[in-house]
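According to Swiss-Prot, the features are:
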type: SIGNAL; residues: 1-22; note: signal peptide
type: DOMAIN; residues: 23-161; note: domain 'Thioredoxin'
type: CARBOHYD; residues: Asn136; note: N-linked glycosylation site
type: TRANSMEM; residues: 208-228; note: transmembrane segment
Amino acid sequence: MEKKLTLLLLVVVVLFVNLTNATVRVQICPRESAKDYILGFRDKSALHRPGFVTEGDDRWLQMAADMVDKKNKCDYAALLFYASWCPFSRLVRPSFDLMSLLYSSVPHFAIEESSVKASTLSKYGVHGFPTIILMNSTMLVVYRGSRTLDSLVAFYTDVTGIETMDERWVERNRLVPHFHAEPENCPFPWARRSPENLLRQETYLTLATVFVLLRLLHLISPTMVVFVKFTWGRVSNMRLGNPLEHTVTMYLKEPCMSSNLQEGAMNARAWASKSLATVSIAESSSSSRSVSASQ
């Protein structure tokens, strides 16, 4: 009988311990994998930490696209494309952080201009900085309004259909010093991108551009050589001078020489007229003599 009671007590203790462990296991969060630990969240569809904005690059953009895929629970993702050299980007970043508080169910990603390729910016329709985009599995919506809190909240609500938190909280945080009422943008920074970044980020595009430029130079080089030779010949002729052009120039520059030439021409004409008159008189006298002799 005592053995049965002992066995029964052991069974009760074992069952109690198992139930306690099961309860503890239910209350403890599951262990994160190494990938989840590195990425900073367990579920791709949940970035619910208030004010959490992920700094990303091309890989994070691909992850954001995967998060809003139809197979996942996340409906929308917010993207901020900014540039560190752009003052308007520094003004809009605090407002973007605040929007991640208001819409904590929407993952927010901040993408710096130098961390992505130019083709990626073109893909997302980024033509200036800063640019705020809301995207889902079927569309990208670019925000083009002012940067006041009311305007941003209206944009988020219209696109996502998600209502904000307490209106009184929004009212208290409406006048944030970093907000700017006008939608200024820094132009697309092609000139600001260093050749090193272009070569590293757009290797194929850079090599293709260099090839096209070299090919164009090869095609126009014969024409350029002919043009240079022709120009050099003209310059040499202008320096040495043509004898005929030199004579004409001297003739125009020296009036004495021109007057002497004019006098010589007049004397030649007078001499020629006198010679013709003498010849005509001689012929007339000889003809009159022959007529008288015949009579």
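Cβ coordinates are placed from backbone N, Cα and C, and glycine is handled just like the others.
The number of other Cβ atoms within 10 Å of the Cβ belonging to Asn136 (N-linked glycosylation site), over all protein chains shown, comes to 17.
Averaged across the domain 'Thioredoxin' (23-161), pLDDT in this predicted model comes to 77.
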